[in-house]
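Asker: Quick one: this structure, given as C-alpha cells, is what I'll be asking you about.
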Amino acid sequence: MKALKDFMRMKHDGEKISMLTAYDYPSAKQAEAAEIDMILVGDSLGMTVLGYESTVDVTLEDMKHHARAVRRGAKDTYVVVDMPFGTIGIDESADTAFAIELYRDTNANAIKIEGAHAAPVIKKCHAIGIPVVAHLGLTPQSFGITGYQLQATSKEAAKQLIEDAKLVEKSGAMMLVLEAIPSDLAQVITETLTIPVIGIGAGVGTDGQVLVYHDVLNYGVEHKPKFVKRYGDFSTGVEALKNYHDEVKRQAFPAEEYTYKKQIMNEVDE
Ligand code: KIV
Ligand code: NA
C-alpha cells in the first residue's frame, strides 16, 4: 500500500497522484484493480448512492457503513474518508471525538475535513496521530452559502484561499484537496505548499486529480459538471436490465444452459 511518504515523494518527483471516490465493496475492488493511487470515501455518497439532495444529509453512520465496505474491497489502497456535515465546527473536543470515531471504526488511512475553520481540529487530530486531508475552495457542505459555482474568483478571495491553504498546512494537514477554483491559483497553492495538493475542477497544475466514480463511469448521474470527463458508460446497464425483463416475460430466460438438469419427479413413487 502506498503511504503518505510515497505521496510526498510523488509530489517532489512531479509524478501525478490519481484519486477516485468509491463507496462500496465492488467500486473499491475496481479502483484497487485499476491501481488508483488513493481512494476517497466521499460524502458525495449522499447523492451518488443514497439519493439525498446534498451532502448535508449524510450522517456519521452513513460514512462508517460505506467506508467499512470500501476497506474490505481495497485492503491495499490508501483510503481517505470524509467527515460529514455537522461533525466539524461544534467545539474542538466534540469534533475531535467524531474524528477519532470515524478513523478508528473504519480503519481508513486518513480523514478529510472541509474548510479552514477546521484548523484547530486538524491540529488536534495531527497531535493524536490521525492524518488529515484538508479540503478548500468549493466545500459542498457549505453549498447553502456558496452555491456550487467556481470559488475564489476575486483577487481578495484568491489571497484568502492562499492564506487558508497555508493555515491548514501549518495546522498539520498531510494533504489538501482544492475544488472548483481557477487553475492558476491552484498551481500557485500547489507550488507554495510542501504537502501534496489534489485538485477537482482546479486544472492540471495540482499534484494530482480526484473524480467521483459515478461521474467517471456515467453511472446514475444526470448532471455533468464541466470538470468531469467520462471514461466509461454504465448507463447502458438499463438496456441490459430491459433485456432481462423481456426475456423473463417471453420465457427466453432461463434457457437450458442456465437450468439445473436434475430430474426428480420420475423417481417419485405414485
Ligand atoms: O465527497 C467527495 O466526493 C469529495 C470530492 C469531490 C473531493 O469530497
Ligand atoms: Na466530500
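Glycine too: its Cβ is placed from the backbone N, Cα and C atoms.
Annotation comment: TrEMBL describes Asp43, Asp82, Glu114 as Mg(2+) binding site. Per TrEMBL, the feature 3-methyl-2-oxobutanoate binding site maps to Asp43, Ser44, Asp82, Lys112. The annotation active site, proton acceptor is assigned in TrEMBL to Glu179.
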Asker: Consider only the binding-site residues Asp43, Ser44, Glu114: which of them have a Cβ under 6 Å from an atom of ligand 1? Write none if no residue does.
Answerer: Asp43, Ser44
Asker: Can you go through the recorded positions Asp43, Asp82, Lys112, Glu179 and pick out those with a C-beta less than 6 angstroms from ligand 2?
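Answerer: Asp43, Asp82, in sequence order.
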Asker: Check the DSSP secondary structure of Glu179 (active site, proton acceptor), expressed as helix, strand or coil.
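Answerer: In three-state terms, Glu179 (active site, proton acceptor) counts as strand.
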Asker: What span in Å does the 3-methyl-2-oxobutanoate site cover, taken as the longest CA to CA distance among Asp43, Ser44, Asp82, Lys112?
Answerer: 12
Asker: Can you tell me the CA-to-CA distance separating Lys112 (3-methyl-2-oxobutanoate binding site) and Glu179 (active site, proton acceptor), as a whole number of Å?
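Answerer: If we compare the Cα positions of Lys112 (3-methyl-2-oxobutanoate binding site) and Glu179 (active site, proton acceptor), the gap is 13 Å.
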Asker: Look up Glu114 (Mg(2+) binding site) in the DSSP assignment and report helix, strand or coil.
Answerer: strand
Asker: Applying the rule Cβ within 8 Å of the centroid of the Cβ atoms of Asp43, Ser44, Asp82, Lys112, what extra residues of the same chain belong around the 3-methyl-2-oxobutanoate site?
Answerer: Thr21, Leu40, Val41, Gly42, Leu45, Thr55, Val58, Met63, Val81, Met83, Pro84, Glu114, His135
Asker: Cα of Glu114 (Mg(2+) binding site) to Cα of the residue listed as 'active site, proton acceptor': how many Å, rounded?
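Answerer: Counting only the Cα atoms, the answer is 11 Å.
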Asker: Just to verify: the residue among Glu114, Glu179 with the fewest other Cβ atoms within 10 Å, which of the recorded positions is it?
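Answerer: The recorded positions Glu114, Glu179 were compared, and Glu179 has the fewest Cβ atoms within 10 Å.
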